[in-house]
Amino acid sequence: MPSLRIVLQVFVLLIGMTASTKAGPYEEALPKFAADSYADTETALSAIANSGHARALTVVEALRDGRLLLGAGQVYLKEVSGTLIDVATGQAANPTGNLKPIRVNNRVRRATEAALGSLTLLSADPATRLNAARAVFRSRDVAALSALERAIAQESDVHVRDALEGARAAIILSKPDALISDKKAAIEILEARGDQQALALLTTLPSDAPPELVKAAGDAAEGIQTRLAFWNALQNVWYGISLGSVLLLAAIGLAITFGTMGVINMAHGEMVMIGAYTTFVVQETIRGYAPGLFDASLFIALPLAFLAAGTVGIMIERGVIRFLYGRPLETLLATWGLSLILQQGVRTIFGPTNREVGTPAWMSGALEVSGLSLTYNRIAIVIFAFSVFAVLLLVMRYTSLGLYVRAVTQNRRMAASMGIRTNRIDALAFGLGSGVAGIAGVALSQIDNVSPNLGQGYIIDSFMVVVFGGVGNLWGTLVGAMTLGAANKMLEPYAGAVLGKIVILIAIILFIQRRPRGLFALKGRAVEA
Amino acid sequence: MTTQSVLDKQSIVVLSLLAAVAVLVPVLNGLAVPGSALHLSDHLVPLLGKYICFALLALSVDLIWGYCGILSLGHGAFFALGGYAMGMYLMRQIGPRGVYAHPVLPDFMVFLNWKDLPWFWYGFDVFPFAMLMVLLVPGILAFIFGWLAFRSRVTGVYLSIITQAMTYALMLAFFRNNMGFGGNNGLTDFKDILGFPLQSASTRRVLFVLSVAALGAGYLLCRWLVGSKFGKVLVAVRDAESRTRFLGYRVEHYKLAVFTISAMLAGVAGALYVPQVGIINPSEFAPANSIELVIWVAVGGRGTLAGAILGALVVNAGKTWFTGALPEFWLFALGGLFIFVTLFTPRGILGAGQGLWERAKQMLGSKPSRSSFSGGGVVP
Amino acid sequence: MSAPVTPTLLYLDDITVSFDGFRALNSLSLAIDHAEMRAIIGPNGAGKTTMMDVITGKTRPDQGTALFEGSHDLTVLDEAAIAELGIGRKFQTPTVFEMHSVEDNLLLAIKDKRGPFLTLFSRRTTLERERIEVLLERIRLTAHRYRKAGELSHGQKQWLEIGMLLAQEPKLLLIDEPAAGMTDQETADTAELLRDIAKTKAVVVVEHDMTFVRDLNVKVTCLHDGSVLAEGSLDAVSANERVVEVYLGR
C-alpha cells in the first residue's frame, strides 16, 4: 500500500519538523536528570533521544558508560579524554564540589540501548546504521519508531533499508495500538526477512492478538521454518563438503602410498604434522624478520612443507620400507615405530604443547550468502583440497612419473625389465605421497591444533577414506572423503558428533564386509593374486 | 597325535619358570624381612602382576598372529572389555561405601543424577556372573566381528585396519558419559574383591599367583591348540590360505574359532589386570595400545607362544625403567624397537636364539629331528 | 541337451566371466568324463586359469552352467564344498605348506572331516598312517618325510602337491602346468605319474610344454579368447589352421 506509506511518511516528516523547530525538548529534559530517580532518568532519556539535538548521542552514550555526572543540580559530561563539559551548553566546565555518576538500573540500561539504536539510525556510516537497525530490531522500543521512519525515508542503501524496515515491522507487530493492516504488512516484511529472530517474533504473538493476525503470523512462521530448514540443510552440506575436504587432504597422500604402492604407512599422519610444523617455523621466521610477508606465509610454507615431508618420506622409504616390500604387516609395524619417533622428535624440539599458527588476514572472516555462513578459511581449504586432487590426478595421468608409478604398481618385474628403475620410482612415489601429506598439513594447521599428536587424529580417518573409496583409485578417495564427510555432518545433528562418528565407523566396518576392496575396486585376476 | 599328551621341552621350561615365579614373588614379598636385599617391596607385586597380565594378552595375540596370520590391531579392545566386566563387579562391591553412599548406584551414576541402575549392570554384583561376562563379552564381540570379516574374506592389512577402527569406535563410545561406564574416568576406587581388601598385600599376592596360574593355563591351552591338527590347519591358513581352502577346509570357520578363543584369553587378561592396577578407563581402547602389544609379540618371537610371554615381560620391564629414568626417550626406544625388530630380527629373540641353536646342532652333525616347533616359526 | 544316463563328471556350458569389461571366458563349453584325462592348451590369456577358478568356486561366472556329476551346481558352492565333492586342484606355482613337514602336508590333505572341532580332537588313525606311507612312496618323498616342505626342491614340491591332491581322494584333478620348471627326467616321470592316476580318476592338465602333452597322449582342448578353439587328438588339433595361427605359430 504505497499510498498509505507516503501519507505516513509525510506525517512523520511533519512531526519531525515541528520537533526541531520548537528547539526545546533537549534543554527541557536535562533538569529531570537532577532528580536522579530511575523513572525521571528514563523520561529524560527518551526525550533527549527523540529531540534530534546534536549532542543527544553523546549524552546517551555517556549515560550508558557512567560518564554522565551530577553536581549541584547541574549535569556534566565527562568525555573519554577526561575533560568535563556542561551538557546544557556544550562548553567546557570546571565545576566545584562532588560529582557523582547518574545511577542506572536494568530498565534504564535497556532504554539507553534502545535510544542509542534510534540515535545511530541516522549516522553517516552505513555499518553503524545497520548495527543500529539490528539493535532496534532486538529492543523493539516503540520510542524508536519515529526515528526509524525518518531513517527509512532517507535511507539509500538497500541492505540497510531492509534492516530498517525489518526493525519497524518488529516494532509495529509488538505495538499494541498499531492497525491490524499495518501489522499484517509487518508480518509480510518479517517473513521476507526470514531469519531465526523474525521467526521468534512471529511465534510469540501476544495472546490477545486477533485470530486473523495469529493465522497470518503462523503461516509466515511456517514459511520461514521451511526456508530455514532448507538453508540449514545447505549449511550442513557445506559442513560436509568442508569436512570431506579435510579428509581428502589427509587421505590423498595415503591414496598414493597405500592405494597405488600398497605400502601401509602408519607414519602418514606424522607427514601431515611435519607440514603443519613447517608452517609454524615459516610464520615464526616471518614474524621475526619480515612481518609484512605474513599474509603470504602459507604460500611460502606450501613448497617448503612439500619438500620437508617429501624428504622425510624418501628417507623412510630408502631406510626402512624398501626392505619390507611384500610384507605389508611388517611395514605397518615399522612405520608405526617411525611415527612414534617422529612424534617424540617434534615433542623434543618444539615442546609438547600446541604451537600457535596464525591465520592470514585474507582467510579470516566469513562470507554471508543469504542463510549461509561460509568462513573464508574453510572455503580456502575446500578449494585447496580440490586443487591438490586435480594436480595429483594430472601428475598421475600425464607425467612420466605417474606413468612409471602405475607401471610399477601393475607389474614390477615387467616395469624393471623395460628399463624403469623401480627403486627410484618407489622412492619418488613415496616422496610424492608424503609431500602431499605435508602440504595438507599446511592447510590443516589453519583449523587444527598444531601439536605432536596432530597426525594421530587423522590416521584412522584417512585409512577409512582410502579403504572405503577403494584402493588404487584417486577418484575413489575423492568420493570416499566426500561421502564420509557428508555422512558425518548429516548424522551429527541427530546423533551428536561422537555417536555420529561411531555410527560411521561401524558402517564402514560393515561396508568392508560387503565390498572388501572398497567402492571403486579393481576387479580381475591381477588384483586377487 | 603322539605329542599331545607329552609336554615338549619348551613347555616344560615355560611352566617351570612360571611356577618358580608364582612361588618366589609371594615368598620374597611376604616372608623376607623388609629392608633386606631379598625383600620384594609391596608396590612391585602388582607391577609384576600387571606384566603377567600383559604376557597373557600377548599370548592371545600370538595365537592368532603367529599361528594364523591374523594381525589384529584391536586386541586391546577385548582386553579392555574383560577389564570393564571385572571393573563392574568391583564397582558393585563398593556398595554404600562410595562418596555418595548410595546403596546400589556407583558414584558416577549418582553424580550424573541417574535414578536406576542400567539393565546391563544387572547381575554384576554376582561374582560368577561377572566372570562369565569376562569371557562372553569379548568372545561374543569377536565372534560377531570375525563372522562378518572372515566370511567376506577380509584379510591382511584390511583386517588390521578394521580391527583398529573397531577399538577406536569402542574408545569413543566408552568416553561418552551416557554409555553408563563412567565416561572419561572409567571405573575406579575399588574396595575389595570377594570380601578381600584390594589394598592389602596378601590379596595382591593372591592376585599375582592367580595371574601366573592363568598365564600357565593359557599357555597350555594355546600349546594344545597349536599342537593339534586344528593348529596345523591354522598354520596352513597362515602360509597358504587358498591352498587350504582348495583342500576343503572352511578357512573362515578356523579363523573365527581361533579369533574368538584369543579374544576370550585377552578378556581374562584384562579381568586380572584391573584389580591389580585399580582402574579401568577408555584409554585402554586406544588404538596405540593395541599396536604396542603386537610389538611385544614380535620382540619375543611370534609363532612360538613362549616368545610372546618373553616379549611382553622384556618390553614392559624396559618401559617401566625408561619412563622412570629417561621419560623423554621411551617413545624413541619403542619406535626404534618396532623398526629394529621388523627389519633385523623378524623371528624375535626366541626365533634368533632358536636359529643359533639349530645351526650349532647342525655343526655338531646331528640330524634334523622331528621338531616340536613344527608349525612355529615365521615365513619370511 | 537331454540328461544322459550316466551324467558326465564335469559339465560346463556357456560359461562367461568378465573382469571390468574384459571377457576372460566367453561362452565356454566343456565336458569331462569319468576317468578321462584331458590336456588343455592355449596361449596366455586364453582363460585356462580362469576356467579352473570357475570349476573350483574361486570365481563366480556371470552366466552359464557348471555341473559336477550331473547334479552339483558348482556356481553356487564355495571352494571348500567343491573340494569336498571331490575336485582337487594344483596351482601353477607349487603351493605347499612350507613350514609344515612333508608328512604333515599329506596329513592335512588326507580325506577326513574338515570342521574345526573335529580337527581339534582328531587323532591319526592307523589307516591314515598307512595311507600316508603309500602316498610317500608314490611321490618318492619317503626319505624326506620329516623335512619342512619349504626345504624341498621345486620338482619335489610339485610332486608333494600332486600327492596332497591324491590324499584328498578326488574324483577330478585339475593340474596347472605340472611340468613347469622341471628337468626332462622329472617331466617324463610326472607324465607317467599322471597317466597312472588317470586310470582311476579324471584328470585335467593345463600345459604349455608340447612334449609333455605328447607324452600324456590324450585328448586335447585348445582354448583361445575364453572359448574352445579346437578339440581332438593332439595331431588333429596341431593340424588345425586356427590353432597354428593363434598358438603354435607357423
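The backbone N, Cα and C atoms fix where each Cβ goes, and this holds for glycine too.
Remember, predicted model here, so these are calculated numbers, not experimental data.
Taken from TrEMBL, the feature transmembrane segment applies to B:12-32 (among others).
Among the features that TrEMBL reports, transmembrane segment is placed at B:44-67 (among others).
Note on the transmembrane segment (B:73-91): residues 57, 60-61, 106, 121, 124-125, 127, 130-131, 133-135, 137-138, 141-142, 160-161, 163-167, 170, 174, 181, 186-187, 190-191, 193, 198, 262-264, 266-275, 280, 282, 284-287, 289-291, 293-294 of its chain, located 6 or more positions outside it, place their CB under 8 angstroms from a CB of the stretch. Look at TrEMBL and you will find B:73-91 (among others) tagged as transmembrane segment.
Per TrEMBL, the feature transmembrane segment maps to B:126-150 (among others).
Taken from TrEMBL, the feature transmembrane segment applies to B:157-175 (among others).
TrEMBL lists B:206-226 (among others) with the feature transmembrane segment. For the transmembrane segment (B:206-226), the list of distant contacts is 4, 7-8, 11, 14-15, 18-19, 21-22, 25-26, 45-46, 48-49, 52-53, 55-56, 59-60, 62-63, 67, 193, 196, 234-235, 258, 261, 265, 268-269, 272, 275-276, 305-306, 309, 375-376: same-chain residues at least six beyond its ends, Cβ to Cβ under 8 Å.
Look at TrEMBL and you will find B:253-273 (among others) tagged as transmembrane segment.
According to TrEMBL, the transmembrane segment annotation covers B:293-317 (among others).
The transmembrane segment annotation in TrEMBL covers B:329-349 (among others). Cβ atoms under 8 Å from those of the transmembrane segment (B:329-349) belong to residues 292, 295, 297-302, 304, 307, 310-311, 314-315, 318-319, 322-323, 355, 377-378, 380 of the same chain, restricted to positions at least 6 beyond its ends.
Between the transmembrane segment (B:126-150) and the transmembrane segment (B:253-273) there are at least 3 Cβ pairs closer than 8 Å, counting only pairs 6 or more residues apart in sequence, which means the two stretches are in contact.
Against the transmembrane segment (B:293-317), the recorded stretches B:44-67, B:157-175, B:253-273 differ in Cβ pairs under 8 Å, and the greatest number is found for B:44-67. Long-range neighbours of the transmembrane segment (B:12-32) within the same chain, counting only residues 6 or more positions beyond its ends whose Cβ lies under 8 Å from a Cβ of the stretch, are 38-42, 44-45, 48, 201-202, 205, 208-209, 212-213, 215-216, 219-220, 305-306, 309.
Listed by sequence, the residues of this chain that lie at least six past the ends of the transmembrane segment (B:253-273) yet keep a Cβ under 8 A from its Cβ atoms are 49-50, 52-54, 56-57, 59-61, 63-64, 67-68, 70, 72, 75, 78-86, 131, 134-135, 137-139, 141-143, 146-147, 150, 207, 210-211, 214, 218, 221-222, 225, 230, 233-234, 237, 280, 284. Long-range Cβ contacts of the transmembrane segment (B:44-67) within its own chain (Cβ-Cβ under 8 Å, at least 6 residues beyond either end) map to 21, 25-26, 29, 75, 78-79, 201, 204-205, 207-208, 211-212, 214-215, 218-219, 222, 225-226, 231, 234-235, 238, 258-259, 261-263, 265-266, 268-270, 272-273, 276-277, 293-294, 296-297, 300, 302-305, 307-309, 311-313, 316-317, 320, 375-376, 378.
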